[in-house]
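To start, the structure under review is shown below, and the notes come after it.
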Amino acid sequence: MLKRKKVKPITLRDVTIIDDGKLRKAITAASLGNAMEWFDFGVYGFVAYALGKVFFPGADPSVQMVAALATFSVPFLIRPLGGLFFGMLGDKYGRQKILAITIVIMSISTFCIGLIPSYDTIGIWAPILLLICKMAQGFSVGGEYTGASIFVAEYSPDRKRGFMGSWLDFGSIAGFVLGAGVVVLISTIVGEANFLDWGWRIPFFIALPLGIIGLYLRHALEETPAFQQHVDKLEQGDREGLQDGPKVSFKEIATKYWRSLLTCIGLVIATNVTYYMLLTYMPSYLSHNLHYSEDHGVLIIIAIMIGMLFVQPVMGLLSDRFGRRPFVLLGSVALFVLAIPAFILINSNVIGLIFAGLLMLAVILNCFTGVMASTLPAMFPTHIRYSALAAAFNISVLVAGLTPTLAAWLVESSQNLMMPAYYLMVVAVVGLITGVTMKETANRPLKGATPAASDIQEAKEILVEHYDNIEQKIDDIDHEIADLQAKRTRLVQQHPRIDE
């Protein structure tokens, strides 16, 4: 006789009530650090033409552009190392401590880029020092986005995780807007000659005060409820084992959660390739290939990004209602179908059509960024969440980070301005496969954590849904048992000796 496993019901005491004040602080601190990360990426992408002339003088303009963007891409090689390092520490000692460390390293390394003398002053050491600073950034960023997304996800109520998580990439886009705006403002005030001489350094100097503010906010945060629950469980069951912190098993990650790892890699590749193509490569594409002035190209991208800021939280809010998968599928299909039309518009040399083409790509990007920060942390349980997510995220970013360099090389080598569109179509297929195979995570507790609600009333509603789900599961199991027993009866009738 098949036996049914008893399901232990939860009570109101098992539901975590999230404090609104702590949630707002967590979102602000996480988003600010993420904004600073993308502020640097935005600045670097928008001043790539200047950096090419400062650190790679004497080379052909095309070579200068590719070399500057290659320096942008090389640090992605070290990001997986940073991800593994900070991920392991984050699962062992907590999320808050690691986020404080990453923002310090990131702000100092960004600030130091502004201090590097030009190639004319110190020769080959100029690009070498630039590369060292970028690699330090890459190491810290390896634990930044994953840690920030986990921090927000573990602080968010289950029914609002999509909306709350969307503010993390709101910070990313805002960082790009700030970086681009600073570049345009400074270059306009000081003129192109002075900007190439010393003005390009100012945006990098701004990173230090931003880092100090971010450190202050993150230092004041408490550990997330989900991680604290995990520590409490370990403390109750294994006080001796807790002395060295919770254990992280990479064997468990690779063998038990390989499907989640692949899903994470696919989603991040689809999102970040589109991200880097639109927000990092397009300014250079507009200026170098379409012969727009640098400021003109940047202003177009700034306008697009400001529009994205308004769409971003709407996507997160809608994902709490309709789920995360529909947005991944919609974004992937739209990217595949509209990549070529978008670049036909961009290459039209008509300002209105260029804007329309970029806007198409921006809305598609919002489909991905609106759900990514809430989707990724839900794929793994608390005790391995940081390590697993950091490993998968940074491996995929290693691929996505090559986008500006690869796109520039493809265009230069083929003399075909449609190559970026073909590249995006390939990435769209990756996103589509990911969307089809991924599991829905909206409105569900994080793995390894109790349900989380924003107030008592919502907690009671969660309990009602929980009991309804249990009753449905019990009915489903009863039907399965009945079907199995019927199959057993038929087999016994066909082979009577089996039941002897």
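Cβ coordinates are placed from backbone N, Cα and C, and glycine is handled just like the others.
Per Swiss-Prot, Asp158 and Ile253 occupy the same side of the membrane [matching topological domain names].
On the 0 to 100 pLDDT scale, the topological domain 'Cytoplasmic' (1-37) averages 71 in this prediction. Using a cut-off of 8 Å between Cβ atoms, the transmembrane segment (326-346) and the transmembrane segment (170-190) share fewer than three residue pairs, counting only pairs 6 or more apart in sequence. Secondary structure by DSSP for the topological domain 'Periplasmic' (347-350): 0 helix, 0 strand, 4 coil. Residues 64-65, 67-69, 71-72, 106, 110, 118-120, 126-127, 130, 137, 171-173, 175-180, 182-184, 195-196, 200, 203-204, 206-207, 210, 279-281, 283-284, 287-288, 294, 298, 301, 404 of the same chain lie 6 or more positions beyond the ends of the transmembrane segment (38-58) yet place their CB under 8 Å from a CB of it.
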